[in-house]
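As annotated by Swiss-Prot, Fe cation binding site applies to 120, 124, 309. Among the features that Swiss-Prot reports, substrate binding site is placed at 142, 143, 144, 145, 146, 175, 188, 192, 281.
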């Protein structure tokens, strides 16, 4: 591979297969989406109440070639037009990651293109750059099925995790509470919709932890909800599902928003970003907007299409690595437990 030519029009083909979405996108100059094709497997996993790794991998194998071709066609570009190929290298399900990584390596090798490995959470954060330019220092609240983190950034590619969950991630707690309420997988959207018609009458606990901590804990809340429902059932009492959803969500949002605002003030950030699958939650989006309405801090909330896993966000994050000439070799591998800091 010769020297990388920095064209005026930097086109990156990005691939995301870390969990149960097969996605490919073409991103121009790190900020413009030319295509973003996503094939979801939710229906295949719904009856199991969660993602089954073996099924996820099989779906990725079936879909990846078609999805990449569709993304290229929709963007109206050929492989010769590309500046690089990017792919999620972790964290995620190892089998699922390998499908995307091997597809990206094959394309990079066949067309002599630079290869860029991207951290999945960096992708979620950089989804916001597809809306507006990032302003540093900034704080990102990352909320998803597997992650709940507050990440401080002083510059591009510099990630400092200042708060994280000590047990369950937010999305995980949502799914478990939803299952107890008899709601289908994934539970987040169902609880969010139910909560609109309920009241915070049950006053579930808030885990604030130590006064100076930005960490989170949701296992106690999850247990409190399950115990409330179990005890009511034993007593033959009827608890309104809407009130359970509203009370659970009120507790989650209270802690997330309060800690985010406190961290934003303490770290004197210019921008706060919302990122991750749970960022699609209407209750959380509204609460953050209300909390930062009068603050001199720019709050950026991505559209729903960029909250859940997609390849456009991977392309946006990869653009920074492309400019820094941070490329991967053909030994790039899927890393299910990849750390974010100093990515």
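Using N, Cα and C of the backbone, Cβ positions are placed for all residues, glycine too.
What Swiss-Prot annotates, mapped onto the structure for a quick look.
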residue: 120; record: Fe cation binding site; Cβ within 10 Å: 25
residue: 124; record: Fe cation binding site; Cβ within 10 Å: 31
residue: 142; record: substrate binding site; Cβ within 10 Å: 25
residue: 144; record: substrate binding site; Cβ within 10 Å: 24
residue: 146; record: substrate binding site; Cβ within 10 Å: 18
residue: 188; record: substrate binding site; Cβ within 10 Å: 25
residue: 281; record: substrate binding site; Cβ within 10 Å: 27
residue: 309; record: Fe cation binding site; Cβ within 10 Å: 26
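For the pair residue 309 (Fe cation binding site) and residue 146 (substrate binding site), the Cα-Cα distance reads 12 Å. Reported as a whole number, the C-alpha separation between residue 281 (substrate binding site) and residue 124 (Fe cation binding site) equals 15 Å.
Between the CA atoms of residue 146 (substrate binding site) and residue 124 (Fe cation binding site) there is a gap of 13 Å. In this structure the alpha carbons, written CA, of residue 188 (substrate binding site) and residue 120 (Fe cation binding site) are 20 Å apart. Those residues of the chain, other than 120, 124, 309, with a C-beta within 8 angstroms of the mean position of the Fe cation site C-beta atoms are 16, 18, 88, 121, 123, 144, 276, 277, 310, 313, 314.
Taking the C-alpha positions, the distance from residue 142 (substrate binding site) to residue 124 (Fe cation binding site) comes to 8 Å. Looking at residue 120 (Fe cation binding site) and residue 144 (substrate binding site), their Cα atoms lie 11 Å from each other. Here residue 144 (substrate binding site) is positioned 10 angstrom away from residue 124 (Fe cation binding site), judged by their C-alpha atoms.
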